[in-house]
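Structure first, commentary second.
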Amino acid sequence: MHRSREKMDVEKMEALNQSKKKLRVCVATCNRADYSKLAPIMFGIKSNPDEFELEVVVLGSHLIDDYGNTFRMIEQDDFDIGSKLHTIVRGEDEAAMVESVGLALVKLPDVLQRLHPDILVVHGDRFDALALATAAALMNIRIFHLEGGEISGTIDDSIRHAISKLAHYHACCTRMAEQHLIAMCEDHSRILLAGCPSYDKLLSSHCREDYMDTIRSWIGDNIQDHDYIVALQHPVTTDIQHSIKLYGLMLDALISFNKKTLILFPNIDAGSKEMVRVMRKKGIEQHPNFRAVKHIPFEQFIQLVCHAGCMIGNSSCGVREAGAFGTPVINLGTRQTGRETGENVLHVRDADTHKKIYHALELQFGKRYPCSKIYGDGNAVQRILKFLRTVDLNEPLQKTFCFPPVKDPISQDIDHILETQSALSVDLGGTNLRVAIVCMKGNILKKYTETNPNTFEERMFLIIKMCKDAMRDAVGLNCRILGVGVSTGGRVNPQEGVVLHSTNLIQEWSSVDLRTPISDALGLSVWVDNDGNCAALAERKFGHGRRVENFVTIITGTGIGGGIIHQNELIHGSTFCAAELGHIKVSLEGPECSCGSHGCIEAYASGLALQREAKRLHDEDLLKAEGMDIKLSEPITAAHLVSAARMGNPKAEAVLCKASTALGVGIVNILHIVNPSLVILSGVLASYYKEPVQHVISEKALISSQSIKVVTTDLDEPALLGAASMVLDYATRRTY
């Protein structure tokens, strides 16, 4: 029984291990440089077969004879290469680099589809790596990017940052690189500050006892420690001609300096062919002081850099790995501008002759500097493996970005005028002409008021003058005027910007084209609509109508008007007279209306109708109430009627009751026709009518409509805000 129990426990453990899926990791290497960073990780993955399954893809210059066929060292390290992709288009110019990326993108999908990795490990900033990241991202494969966030001052920066934006996880080498990735809105929880993987090997193996054997095998027998130079210069693809010039000056300086020099061929970037041509023209390969090579295994290269008297060129090895040994470095040109360096690096940004470089050699050669560990402490691989163990394949594949908070749109800085987009708003009333500057939030930043002239010419002149004054003031208010919105009484064709027919309150205002003269004078787009429709638009954008699909706005002012929003759209009607709510008949034989008919809502409930009834009661000496004082010289208005009713005057109460009932019945008709979910009252009489109208609805509407709510507007200037909303919605490409 005991043995049987042990057997069952073993079987359970085996089943548990089988149920835990190994992470299938694909490591793609493109050249000798990135393999030096990827190899330690590959060894780490390979040494944990219970947790990881390693696939290796080789492409780029690894497979080119001129660059040493460096894929062989991967095989010598006993890695099984799953795929070899010939992706380099020869030519060593800008076009060849682009074609190489395209060729890689053509070949990679088949390989990635066959290998089907859970995660792809990509290093650095090479164009081959960009092709890898692009293919993986489009094929929904998670990307783990090494050495993102660094700055080197060339096109490599753009490629590196592009790969970072495609990558799901990041392993960076320095604290500054980590901060750069965070500034690029990458998720902090997916950034690992690991250090450079190559440091794991170089910090443990650079002090080998047989290092002199390595040095002599590459440079010659008659050589001493710290008495030779390592040179490695690559082209800068954004300034190839300058790279070639600087390379030639470096060779001249090295020839004059007369020290043994190990020089490596440049990489495969555009311009490398011309640099090799310069090297051969100067006879470097035959020169007794030089040894020109295409490739050196990384472990041996470490020994050579560690014990060199100086390293010169623009390789990242000079500012990264060489610092760990305190080897003096001369960095030429702009290729590593922005990299973090130790005190061992002396920069020569530009030179017209070789003398400046020669002088730098005199300053640096033979010195030793304190060892720097900016880029790592020798523990990068174990951190990376620990991070890979935490990757949750059940998490959403779509990466998210951590954007910083957006500033308030109202900015006091003229450089941020897009944050203060505004409209000029014009309201044409029977008495006053008003212009306002209205911002996106619906705040009226400045308002101008003048008496509305009686003639068309004077009115148009004043509108344009007031708008020009407002535009001039808008500069000081840090506003960008997007257009002009006009609210006016009467029937309006908003498509043409024409007032078709006006009310009696505005003279000489029929068949008037408002859009053309205002637009021509101000150089701005112009929108025009009826004041009732504008009130509805104001509620939809700034008031109670926000996020309400169907509602009605009713203006209770001098007249009765309004607008209807149905399924988020403003209803204009076939002849632009929809929502003439004041002219809904509530009686066949009622008082005469301004439209010439009888029994309209406006004839009962408008300010003019109430003023008419107030005058009638005053003339009959029936308007007085206890505590109410009316001066003889004071004109009688609807306000006197409301005051008398509130003080208990039964005649005034009866008039207002009839007016409220008429308005309520008219609104019930609206509810039964368009079935809105909300009624919004605005205008000077809105607060008085709210409760009576709600009462009429609860008594006279169909049961399905009795619960519809009546509210009063919170907006002080619905006509101005509605006119502004036309501009702001159109100009910012929103629906109207």
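Keep in mind that glycine also has a Cβ here, set from the backbone N, Cα and C atoms.
Feature annotations, reproduced from TrEMBL:
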- Asp531: active site (ACT_SITE)
- His583, Cys593, Cys595, Cys600: Zn(2+) binding site (BINDING)
- 50-388: domain 'UDP-N-acetylglucosamine 2-epimerase' (DOMAIN)
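Distance between Cα atoms for His583 (Zn(2+) binding site) and the residue listed as 'active site': 15 Å, as a whole number.
Cβ neighbours within 10 Å of the residue listed as 'active site', excluding its own Cβ and spanning all shown chains: 27. For Cys595 (Zn(2+) binding site), the same-chain residues 6+ apart in sequence whose C-beta sits under 8 angstroms from its C-beta are His583, Glu602. Note: Cys600 (Zn(2+) binding site) has non-local neighbours Ile560, Gly582, His583, Ile584, Lys585, Val586, Gly590, Cys593, i.e. same-chain residues 6+ apart with C-beta under 8 A of its own C-beta. Apart from His583, Cys593, Cys595, Cys600, the Zn(2+) site neighbourhood in this chain, defined by C-beta within 8 angstroms of the site C-beta centre, holds Gly582, Lys585, Ser594, Gly596, Ser597, Ile601, Glu602, Ala603. Other Cβ atoms within 10 Å of the Cβ of His583 (Zn(2+) binding site), summed over all protein chains shown, number 19. Summarised as a single figure, the pLDDT of the domain 'UDP-N-acetylglucosamine 2-epimerase' (50-388) averages 91. With a 10 A radius on its CB, Cys593 (Zn(2+) binding site) counts 22 other CB atoms from all the protein chains.
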